[in-house]
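As written in TrEMBL, here are the features:
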- 24-474: domain 'Major facilitator superfamily (MFS) profile' (DOMAIN)
- 16-37: transmembrane segment (TRANSMEM)
- 78-97: transmembrane segment (TRANSMEM)
- 109-127: transmembrane segment (TRANSMEM)
- 133-155: transmembrane segment (TRANSMEM)
- 167-189: transmembrane segment (TRANSMEM)
- 195-219: transmembrane segment (TRANSMEM)
- 282-306: transmembrane segment (TRANSMEM)
- 318-340: transmembrane segment (TRANSMEM)
- 347-367: transmembrane segment (TRANSMEM)
- 387-408: transmembrane segment (TRANSMEM)
- 420-441: transmembrane segment (TRANSMEM)
- 447-470: transmembrane segment (TRANSMEM)
C-alpha cells in the first residue's frame, strides 16, 4: 500500500511581519554595509596624495610624471595589493567559516566577523607603515569571508518563501548603501589634509558595530536550533518569525528534512557537494560569482576613481564622479528589490546582460576614439557620455548580477550541503575579486581601451549562459528546487538522481514527477519514516 504525502509548502501562511523584517534588516546591514564600503574605500583612498606619499612614494612620482600615460600611472603590483589583500584573506577564510556556521550557527559567525572587522579597522586607520596597513586589510578580509558565509544563508532560512527574494535583497541594498557611503566619505575626506585617508579607513567601524550587534541580539534560525535538538526554542522562534501559531506543518517538515540532511552530512557534506546529483547547483555556485566578477563591475568599483582620472579628471572630480555612480547603485538595487519576486531572476539577468554589454562597448569606443597620441583627456562631451554609460552600467548591474549572484546560490542548495556550498560561492567570489583587484590596473596599462571590450566579451558569454542553463527560481520553496526546477530543466534533468542516503534509509521512494502537487510516494513498509515531505528547509 502506498500513501501520497502532498507537499505542504504552498499551504504555509505567508506574510512579512515587523519582526522578520527587522531581523533580516539587521543581519543584512552589518554584512552588506561592510562589504559595500570595503569594495570602494581602497580605490578612493589610493588616489589621495597624502596616502600615496606615506605608503607608495614611487606611485606618487609616477602620477606626477608626464612621461607616464594615463593608462599606466598606477601599474604597480604592490600598490594593487592594498586592494586585493582583502579578497585573498576572505578567500582563505571562506571554508573555515562554513564549518563554523554549521557547528556554531549564523549568529556566532556574524559575531566573529564583527570582532575581525573591528580589529582590521583599528590597524588600518592607525597604520604607520605598509605592513600595518596590509595587516588591517587582511583582518577585514577574514571578517568579510565569515560575514558573506553567514548572512545570505541566514536571510534565506528565516524569510518566508514568497518574500525570500526581496528579503534576501536587503543584503544587496546594504552593499549598495555601503558603496555610496564609501564613495561619499572618500570625497569628503579628500579635503582633509594630511589625515583624510585615516578617516576613510576608520569609518569601517560603523558597519563593524552593526554586524557585532546582529551577532549578539538576533535569534538563531529554526533549522539550526532543530539541528541542536532545541525543539521548543525552534518552535518559538518560527512562530515569532511567521507572526502566527500555525506552524505545525512547516515545523514538522523542517524536523524531517533536517534528519535526512544530517544523515547525508554525516557521510561528508563536501563529498556530497561533488556528487553528480548536485552538479547543477555546484555549477551555479561557481559560474554565477565568476560571471559577477568578470562583468567588469568590480573593476569599476575598485578602481572607478582611476578610470575617471584616466579620462583626465582631477582627484576631487574623480571622487565626486564615484559618488554619483554610488548613488546610482543604491537606486538600481532598490528597483531590483521591488521587481525580483515579480519579474523573476532569469528575466532580470538576461535583460541586464544585454544593456551592460552595450555600455561596455560604448565606453571602450569613447576611450579608443578620444584618448590617443598626445591627447590625454576626454572632451567635455566624452567625459559626460562616459559617466552616463558607467552610471547606466552600474544601475543595471546592481539591479541584476550584483545581488542575484548571491541570492540564487543561497536558495538552490539542498540542506545537507548548504553550508559547504555557500563556502564554494564565497571562495569563488573572493578568488576572482582578488584576481581582478590585483591585475586590473596592469591590464588597463596593457590593453588600454581594449579592457572594456574584454569585459564586453564576458558579458556576451553571461547572457548566453543565462539563456541556456539558468532556470527560474522565483517563488519556489527551498525544498522544492530539485523537483520543480532542476528535474524540469532541459539540460540539468539528466543529472538529478535520488540521494543515496535517502535510498538506503527508506525502503522505497518514488517521485511522482507528473503530479501538479509534486507529491512524494512512500512505501509504508519503511521502518525509518512513514512519510517524507519534500520540504528540506522552507524557511
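Glycine too: its Cβ is placed from the backbone N, Cα and C atoms.
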Region pair the transmembrane segment (282-306) / the transmembrane segment (195-219), three or more CB pairs under 8 Å: no
Chain residues outside the transmembrane segment (420-441) and at least six past its termini with a C-beta under 8 angstroms from it: 74-77, 79-81, 83-84, 86-88, 90-91, 94-95, 97-98, 101, 141, 144-145, 148-149, 152-153, 269-270, 272-273, 278, 281-282, 285-286, 288-290, 292-294, 298-299, 302-303, 306, 405-406, 409-410, 413, 451
Region pair the transmembrane segment (133-155) / the transmembrane segment (195-219), three or more CB pairs under 8 Å: yes
PLDDT averaged over every residue in the domain 'Major facilitator superfamily (MFS) profile' (24-474): 86
Region pair the transmembrane segment (387-408) / the transmembrane segment (167-189), three or more CB pairs under 8 Å: yes
Interface check, the transmembrane segment (16-37) with the transmembrane segment (109-127), three or more C-beta pairs under 8 A: yes
Remote residues contacting the transmembrane segment (167-189) - C-beta distance under 8 A, at least 6 residues beyond either end: 16, 20-21, 24-25, 27-29, 31-41, 44-45, 48, 151-152, 155-156, 158-160, 196-197, 199-200, 203, 207, 301, 304-305, 316, 319-320, 322-323, 325-327, 329-330, 332-334, 336-337, 340, 398, 402-403, 406-407, 410-411
Contact set, same chain, for the transmembrane segment (78-97): CB under 8 Å, 6 or more residues outside the stretch: 38, 42-43, 46, 55-56, 59, 109, 130, 133-134, 137-146, 148-150, 302-303, 423, 426-427, 430-431, 433-434, 437-442
